[in-house]
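In what follows, a single structure is set out as structure tokens and then discussed.
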Amino acid sequence: MVKPKYKGRSTINPSKASTNPDRVQGAGGQNMRDRATIRRLNMYRQKERRNSRGKIIKPLQYQSTVASGTVARVEPNIKWFGNTRVIKQSSLQKFQEEMDTVMKDPYKVVMKQSKLPMSLLHDRIRPHNLKVHILDTESFETTFGPKSQRKRPNLFASDMQSLIENAEMSTESYDQGKDRDLVTEDTGVRNEAQEEIYKKGQSKRIWGELYKVIDSSDVVVQVLDARDPMGTRSPHIETYLKKEKPWKHLIFVLNKCDLVPTWATKRWVAVLSQDYPTLAFHASLTNPFGKGAFIQLLRQFGKLHTDKKQISVGFIGYPNVGKSSVINTLRSKKVCNVAPIAGETKVWQYITLMRRIFLIDCPGVVYPSEDSETDIVLKGVVQVEKIKSPEDHIGAVLERAKPEYISKTYKIDSWENAEDFLEKLAFRTGKLLKGGEPDLQTVGKMVLNDWQRGRIPFFVKPPNAEPLVAPQLLPSSSLEVVPEAAQNNPGEEVTETAGEGSESIIKEETEENSHCDANTEMQQILTRVRQNFGKINVVPQFSGDDLVPVEVSDLEEELESFSDEEEEEQEQQRDDAEESSSEPEEENVGNDTKAVIKALDEKIAKYQKFLDKAKAKKFSAVRISKGLSEKIFAKPEEQRKTLEEDVDDRAPSKKGKKRKAQREEEQEHSNKAPRALTSKERRRAVRQQRPKKVGVRYYETHNVKNRNRNKKKTNDSEGQKHKRKKFRQKQ
């Protein structure tokens, strides 16, 4: 029998392996490997063919075909003979120091990090060395002395003074209650597990949403509550972004600044600006604050990332701080669901702000901390309706808020404790149970709701917020000791005073110096804040220590900003006037003086209005309701108008003559030939004359169902009647 010939690749391979491109498609044969993918995978797996002697018969596709022993040609280039890339130790040290300062400055951005030797900077920062035994890894002989192998020892203190300071700081920050390494006796007492409602914002799902937002955003905005900015910060997220995502920009937005005095907002912005760029913001669709500055900042970030088609801005923070409200304010309409309770936003949401800027809303996230249940409730993390015993947290509310504010809000003069306060409030509001007993639970929920929604005036004072204390006089005993010593020993210098008195004097002087240094530092920080906080409408009525008078520097800054805005508006008006004006210059010569006088009067009125506002802010401890103020200021104006009318009726005075002369001049100007209208004005007049309703002209000329019996006769209607008469005559 003859052996059949080899037919080659014309036959179909019947195997069902995944490497066979001709295999039969099964039930799930939609996502099978195609022929190109199979060839690529075979290329990865294949081996060169060798004979029995080990010589390559068939090389791989990517292997060189040059025979062994041939001399390869090197490309002629001058770089082979030039110096290699080297750097001096001094210049490297200078680069590291300058880069450190730039990286720590929150208002500076390194544009092209790929072209800089960033590894030289990052290699020095080794936080994991804290837990490593340095003597085991690097002995003293290899680090110091003639046999040292390191140019720079790996130490966390440069000298003894810094080492002592580090030790003192660690001892001051040590808390025995938080030390888990201490051996304690087991007394059998166990802390009760927290309820699930106090763990809101800590679930795995919400943290997954947070990491989704962080990964997909170029700029991360952390929204803080202006009443307690440090309490609503998330240090864990900040350290995570600094270590794991250093290329992402983090900024702070201080929301709800309408619930805090303006001086406190300004100081908090100055304090937080040392870490990250900070903006004060008031989320409102009708009367927002900081919206223009925020959008301008986002545009600057968009210009930084010119290589990207668009940038995404993620909003993160504690629950109920106003993340969704900030997004609605930026869009000027409701695009996110908002509510004064925590947990309204469930999942992340993409919103388009502009063509190149997208906003991402994120649910509120809480990092597990050692806050008590009361702290968690007062931060607004928990919904008040779900708290089983709200009356337990009222004591903290009464401690944090001033008694005068609480008595003003609830019209209760005095109380002994939290329970007494709730009972009085229940009787006053009528929240009673059967038998006339006060409903403490309902009243407690009312108070907590008022606290979370800002109806009770409260805010955490910024650091160094205490006013300057006048230097106190020295005690009389210490002052009297000095002359006695001088009389007894006139030839010797007085070096000692009464023991305790001298120590107290030195302590007071050091305290005053430190206080002055802190105040000077705060003043330097405050000068960097550029926002005009005078435009914030503060809702709560503060008094006493919470009201700080407006400083002269603040007034000057606000006046400068006001004058800058006025100049910008005037420049815009000039540009518009130059573009729109088409009149000859000869006609405008007479009106120039009047226009200048009018502009100056308007400017004076605006400055007067601004100064009145500043005075009102300075003496804002005395507040008058809006209706009462309108009545008070309306009466003098009416009296002034009536007096002017009486004067005009009695006799023509000098002022009356001037008014008559002005009226005559105006009549003369009006009698002159009217100026030619521009095309824009003519089109506007035509549009105003046109009827806005559809079909109005039809009813004017036609009688439809006797709607218009007194119809106007037109040429068309007369022609139609004439035709009808002719037709009847023919018949």
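Cβ atoms here come from the backbone N, Cα and C positions, even for glycine.
The region 'Disordered' annotation in Swiss-Prot covers 1-33 (among others).
For the compositional bias 'Polar residues' (10-22), the list of distant contacts is 32-35, 38, 41-42: same-chain residues at least six beyond its ends, Cβ to Cβ under 8 Å. Annotation comment: Swiss-Prot describes 10-22 as compositional bias 'Polar residues'.
In the three-state DSSP classification, PRO319 (GTP binding site) falls within coil. The number of other Cβ atoms within 10 Å of the Cβ belonging to PRO319 (GTP binding site), over all protein chains shown, comes to 23. The GTP binding site annotation in Swiss-Prot covers GLY317, TYR318, PRO319, ASN320, VAL321, GLY322, LYS323, SER324, ASP361, CYS362, PRO363, GLY364, VAL365.
Under the heading region 'Disordered', Swiss-Prot lists 481-502 (among others).
The annotation region 'Disordered' is assigned in Swiss-Prot to 555-594 (among others).
Annotation comment: Swiss-Prot describes 555-589 as compositional bias 'Acidic residues'.
What Swiss-Prot lists as region 'Disordered' is 630-731 (among others).
The annotation compositional bias 'Basic and acidic residues' is assigned in Swiss-Prot to 630-652 (among others).
What Swiss-Prot lists as compositional bias 'Basic and acidic residues' is 662-671 (among others).
Helix, strand and coil residue tallies for the compositional bias 'Basic residues' (681-695), in that order: 9 helix, 0 strand, 6 coil [DSSP]. Annotated compositional bias 'Basic residues' per Swiss-Prot: 681-695 (among others), in sequence order.
Residues or ranges marked as compositional bias 'Basic residues' in Swiss-Prot: 721-731 (among others).
Between the listed binding-site residues, namely VAL321, VAL365, the fewest other CB atoms within 10 angstroms of a CB are found at VAL365. Residues VAL223, PHE315, ILE316, THR345 surround the recorded GTP site, their Cβ atoms falling within 8 Å of the Cβ centroid of GLY317, TYR318, PRO319, ASN320, VAL321, GLY322, LYS323, SER324, ASP361, CYS362, PRO363, GLY364, VAL365, which are themselves excluded.
Around PRO363 (GTP binding site), taking its Cβ as the centre, 24 other Cβ atoms fall within 10 Å, counting all chains. Remark: secondary structure over the compositional bias 'Polar residues' (10-22) totals 1 helix, 0 strand, 12 coil, with classes taken from DSSP. DSSP assigns PRO363 (GTP binding site) to coil in the three-state reduction, outside any helix or strand. Binding of GTP is attributed in the record to GLY317, TYR318, PRO319, ASN320, VAL321, GLY322, LYS323, SER324, ASP361, CYS362, PRO363, GLY364, VAL365, and the widest Cα separation among these residues amounts to 14 Å.
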